[in-house]
Amino acid sequence: MPFGLKLRRTRRYNVLSKNCFVTRIRLLDSNVIECTLSVESTGQECLEAVAQRLELRETHYFGLWFLSKSQQARWVELEKPLKKHLDKFANEPLLFFGVMFYVPNVSWLQQEATRYQYYLQVKKDVLEGRLRCTLDQVIRLAGLAVQADFGDYNQFDSQDFLREYVLFPMDLALEEAVLEELTQKVAQEHKAHSGILPAEAELMYINEVERLDGFGQEIFPVKDNHGNCVHLGIFFMGIFVRNRIGRQAVIYRWNDMGNITHNKSTILVELINKEETALFHTDDIENAKYISRLFATRHKFYKQNKICTEQSNSPPPIRRQPTWSRSSLPRQQPYILPPVHVQCGEHYSETHTSQDSIFHGNEEALYCNSHNSLDLNYLNGTVTNGSVCSVHSVNSLNCSQSFIQASPVSSNLSIPGSDIMRADYIPSHRHSAIIVPSYRPTPDYETVMRQMKRGILHTDSQSQSLRNLNIINTHAYNQPEDLVYSQPEMRERHPYTVPYGPQGVYSNKLVSPSDQRNPKNNVVPSKPGASAISHTVSTPELANMQLQGSHNYSTAHMLKNYLFRPPPPYPRPRPATSTPDLASHRHKYVSGSSPDLVTRKVQLSVKTFQEDSSPVVHQSLQEVSEPLTATKHHGTVNKRHSLEVMNSMVRGMEAMTLKSLHLPMARRNTLREQGPPEEGSGSHEVPQLPQYHHKKTFSDATMLIHSSESEEEEEEAPESVPQIPMLREKMEYSAQLQAALARIPNKPPPEYPGPRKSVSNGALRQDQASLPPAMARARVLRHGPAKAISMSRTDPPAVNGASLGPSISEPDLTSVKERVKKEPVKERPVSEMFSLEDSIIEREMMIRNLEKQKMAGLEAQKRPLMLAALNGLSVARVSGREENRVDATRVPMDERFRTLKKKLEEGMVFTEYEQIPKKKANGIFSTAALPENAERSRIREVVPYEENRVELIPTKENNTGYINASHIKVVVGGAEWHYIATQGPLPHTCHDFWQMVWEQGVNVIAMVTAEEEGGRTKSHRYWPKLGSKHSSATYGKFKVTTKFRTDSVCYATTGLKVKHLLSGQERTVWHLQYTDWPDHGCPEDVQGFLSYLEEIQSVRRHTNSMLEGTKNRHPPIVVHCSAGVGRTGVLILSELMIYCLEHNEKVEVPMMLRLLREQRMFMIQTIAQYKFVYQVLIQFLQNSRLI
């Protein structure tokens, strides 16, 4: 080259490093933390990071400040980019966290965490010499500080540690002897405070400091309009002016001031009453700008919140007592300002208008309850004098209400304390337009029984529409009186944690920490009859199962720790085989404790989703085994089949099923490949099944089979062909359809190109374990009290699928057929048979569409068969009515079974339901009644009570932290159950929903509704569809990614990854959606709902096992439907009552519903839903007795 240039290619321009910077923040306890931010990050985001570390919610009292290049304290302008602000004004990128807005009394501070940080700030003010105090005051304050930081006097052998502890202000120059004498006096003061809780000592310390000269003041040197040098100060009552010798000249109250501005280097304070302007001059323009904006911010904050803005008659000062507790702390207390002695004690009323302060991202004074029981961070270490930073007398001045959410795993959840209920929250007018018509008067019991005997009252459908929301006093919270509550002890459980014990006594006693156990691990000894365990089809692998850890547990130990559900009943007569007779079982549903354990497998997507979650991610399908052929053959069974083959089979099966519905339930035949049904007895031999093993963590509803996916396994079919009993009537099918189905090839169809391990939800594939073709799952479809179909797989053909795999798209199961028909044939792989016989199948589908209009009365019977056919299963044999009928005389019904059934049959539940109050008599709805929160509720009459509502960390968009959700806590038999009952998210509240899930540490979401029902939106879809772009969506500060979805007959299980964008933390959330609830009424298939409850319990146990060793070991489960009261109440009440049945607790359904409604109004909206709970309990008892 002519130019001797050598270009270095080793250096890279790191864009990420150029866009980020690290800032240090010194906390009030002198610890320093680091925060990595982008160059565009504002001071607000940095403050949120600090709030996350401190688990702080009431950030509107706090702020960040720095030392300027002239060593003056300056507050950060939170709305501006932090890096640019620090580069321009700061001496170094070091921030200080502190209190910005002081209050006249500590009772303004609602949270314990807020009070602790406030205590650290005022103690720092004392030790740094900002407040003038006498030696007696110093000793008294030092004694309280030692009690607050170290505890009682008798915990230490000697008081020598006090010599290393900073006790006195830094500017107090003391000789060694005097210092020793004062230290001994502090030790005596410490001993006098023995027995006072640290939190109480902190409050007493703050109370003492409030009376010191200079408390909460910030002073700037200026010149008045006459050129005299004065001190211009600001505090929580207003602005004051002092001369250089400290004499008070004048004080301007907040109500006396209008605008506060600046003109060049002059500060202008407009006085309203005097119609004049006070002028103060500074050295430069920047200083005048800073002071004027600071004063304007303080003025706006205090005036909007009515803190010390009006004169009021305050009660006399409260005398300090040794047993003084925080709950007895007065809400109003005078503040004495030396030497003026101005009293200020009036409480504020909250306002909710936005503020455009340069210092605050959002500085509304909103006081919210804490959901975290925050332990105080005591100063147990050694602090030297040099560790306390000495700064200008600046007291923190920042207000923000959005936070980086703390990791729920590390948070200590508890019930929020009572808010101070203010009259300002009460709406001034009634919204008459939203009040529904009054509830229909309830007839007396005799009238009801008389109508029932006459056949007038239909127990299944009576008053379903009329028994909807009974909202006759929806505005009971519009009361004119002021409601003031004292702050409760935040370390204790709160009164609405309701115990539910066997004695039937329901009181609001507090729950001790020892009682706060996982309901699933809290085993209550039961009666001998209840503890007898029989190995049935639900336990085919227990002998070879290995639990968590390295222990080998016996079956009894395993059941003791995990509280297994009793499996569904054996059929009658009992099978003779020793292994589970899967081919002849007639379970109504195959759920987590049913014989489908040996056919479940671990999906590839589950492994990538979460290694520890594989025991729960499963193919929990309730399937019906319906083989179409029964000839002897030795064929290789391929695991994977094309979507076209299976969906074409579905279309043929629907046509066949449609015609079969014309016949009586027990008289349906199966379409055989050759000839009519053979005559013979109903008994047959079934080959035994091989054993399968796995060593992953298991639960009663989630057994999985680990098998290789690297090779196709072959197994010969058994030689024996079971005989099918002769039925009285034969079903006739189209000859063309029979011919088409008979020509189904035995060889597997061509596979899809590309990855072989991921198919859509509509595609089915064989299990990934080596299974004989005769192996299958069984179930019974319940269509009525005395009607049932027994279905089993006896000799499956080569095309019978087994289960659903993880999908790349998320179609509804009922729409697979329509989707396949709409897609062009050339775009889908098709098998040979169906490409030839497509016209025949389509002709049958046309016939089906014509006959569909005649089948409206049988819709409830047809739907389960259609879903079973869509799962790739077919009817193999149908036993007669004699076999299917459950002999009630053989069921060992106990007293509870008879009592529940009697109530249901005699209609006693109707009167029982009507006598339960719809909601709490004196419920408070302060936050929910605010105008800005009206649009956050789906139904404005259904809102949470104030004392147990879920409180979010306030943000700019939601400055009250409101969401229509309630904590539901009930203690049953010593075990605490914790739910969050909430409404289905609205389009504009999805980010609030995910914020709640994150902050409350939720790992399981139970959704008891579809997104749309009957053309109406029930719940906005708040999670991304599988197969959408990256399967991810962002909701506010959270990114949600769908990892997999598994559909069963009546519910769908979805695995989600939730990432907090600000902190980068991720968490797994399980989404369980019940999909079988009809548009009106309740599910007809009670056993299906029971299987859904078992699925929830299984996932709960798994997620809780992942939280061992953390503070939040038992997070709540979010349950929601549309309004969050009807179906949500059914699920919660059913699960609680089943737990009572399992542990021989007294079953009081109306009493439990009453307790639930005291925590969330209108739980269980209709009598039909209430009756359905009884049906669920009866079915559960029936299952448990048919072992």
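Using N, Cα and C of the backbone, Cβ positions are placed for all residues, glycine too.
Not measured: the values here are computed from a predicted model.
Quick look at what Swiss-Prot annotates:
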| type | residues | note |
| --- | --- | --- |
| ACT_SITE | Cys1121 | active site, phosphocysteine intermediate |
| BINDING | Asp1079, Cys1121, Ser1122, Ala1123, Gly1124, Val1125, Gly1126, Arg1127, Gln1165 | substrate binding site |
| COMPBIAS | 510-524 | compositional bias 'Polar residues' |
| COMPBIAS | 815-824 | compositional bias 'Basic and acidic residues' |
| DOMAIN | 21-306 | domain 'FERM' |
| DOMAIN | 909-1180 | domain 'Tyrosine-protein phosphatase' |
| MOD_RES | Ser314 | phosphoserine |
| MOD_RES | Ser461 | phosphoserine |
| MOD_RES | Ser486 | phosphoserine |
| MOD_RES | Ser591 | phosphoserine |
| MOD_RES | Ser593 | phosphoserine |
| MOD_RES | Ser594 | phosphoserine |
| MOD_RES | Ser642 | phosphoserine |
| MOD_RES | Ser831 | phosphoserine |
| REGION | 510-531 | region 'Disordered' |
| REGION | 671-690 | region 'Disordered' |
| REGION | 787-824 | region 'Disordered' |
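Features as recorded by Swiss-Prot, highlighted on the structure.
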residue : record                                    : contacts (Cβ under 8 Å, 6+ apart)
Asp1079 : substrate binding site                    : Glu1013, Gly1014
Cys1121 : active site, phosphocysteine intermediate : Gln983, Gly984, Met1007, Val1008, Thr1009, Lys1018, Ser1019, Arg1127, Thr1128
Ser1122 : substrate binding site                    : Arg938, Gln983, Gly984, Thr1009, Lys1018, Ser1019
Gly1124 : substrate binding site                    : Arg938, Val942, Asn964, Ala965, Ser966, Ala981, Thr982, Gln983, Gly984, Arg1160
Gly1126 : substrate binding site                    : Phe1162, Ile1164, Gln1165, Thr1166, Gln1169
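Predicted-model confidence for the domain 'FERM' (21-306) is 84, expressed as mean pLDDT.
Packing around Gln1165 (substrate binding site) is summarised by its Cβ count: 23 other Cβ atoms lie within 10 angstroms of its Cβ, all protein chains included. Spanning the residues Asp1079, Cys1121, Ser1122, Ala1123, Gly1124, Val1125, Gly1126, Arg1127, Gln1165 that the record associates with binding substrate, the maximal Cα-Cα distance equals 16 Å. According to DSSP, Gly1126 (substrate binding site) is assigned to a helical segment.
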